[in-house]
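Trainee: Dropping the structure in here first, questions after.
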Amino acid sequence: MKQRLLFLGPPGAGKGTQAERLCAAHELMHLSTGDLLRAEVGAKTPLGQEAAAVMNRGELVSDELVLAIVENQLKNQSGGWLLDGFPRTLIQATALEPLLEELKQPIEAVVLLELNDAVLIERLISRGRSDDNESVIRNRLEVYREKTAPLIDHYRQQGLLQTVEAQGSIESIAISIEKSLC
């Protein structure tokens, strides 16, 4: 099975759930950029302090800072890994790739979890978060598609993209992902 992976997909597609399952089953390091940022901030590392200052101003953490945090995690990693939540844009991907080449850890596969909007909206509303109403969700999906479509094409052109239908049980989706990575 391929060992250096990216997960892409719209909000509600099950990326986090499937990433956790796959990482546990195959001893891959799960790199969720949101979790990594929170861990760096909590540990009060120099990168974490820089991120905290930006976040406390209500601003987005720069691509460069996220890349530095990802590099920090990968530079001593000899096993496999799964990046979840980064890159989200073509600009981020083109910044990430030279770093991975330098570390001699190129991406081996990109899993795109696809799901129709009706199911996505239903899943997200059922989570019960206060900001998950249909209008907000539709906007998030539109932003996702606008930002991520070029990224999907980029990885398709590189021959890395594996598309998995993310409708069904957690188990059946996990099996489909595993098959796509062999």
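Including glycine, each Cβ sits where the backbone N, Cα and C put it.
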Trainee: Which stretch does Swiss-Prot mark as region 'NMP', out of 2-31, 32-61?
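Mentor: Region 'NMP', as annotated by Swiss-Prot, spans 32-61.
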Trainee: Can you tell which of Arg127, Arg138 Swiss-Prot lists as binding ATP with Gly12, Ala13, Gly14, Lys15, Gly16, Thr17, Gly168?
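Mentor: Only hit among Arg127, Arg138 in Swiss-Prot's ATP site, alongside Gly12, Ala13, Gly14, Lys15, Gly16, Thr17, Gly168: Arg127.
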Trainee: Using the alpha carbons only, what distance in Å do you get between Ala13 (ATP binding site) and Thr33 (AMP binding site) once rounded?
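Mentor: With distance taken Cα to Cα, Thr33 (AMP binding site) is 17 Å from Ala13 (ATP binding site).
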Trainee: Count, for each of the binding-site residues Lys15, Arg88, Arg127, the other C-beta atoms lying within 10 angstroms of its own C-beta, and report the residue with the smallest count.
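Mentor: Per-residue Cβ counts within 10 Å for the binding-site residues Lys15, Arg88, Arg127 bottom out at Arg127.
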Trainee: Using a Cβ-Cβ cut-off under 8 angstroms and a sequence gap of six or more, which residues of the chain neighbour Thr17 (ATP binding site)?
Mentor: Ile170
Trainee: Between the binding-site residues Thr33, Val61, Phe86, Arg88, Arg129, which lies closest to Gly12 (ATP binding site), Cα to Cα?
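Mentor: Closest by Cα: Arg129.
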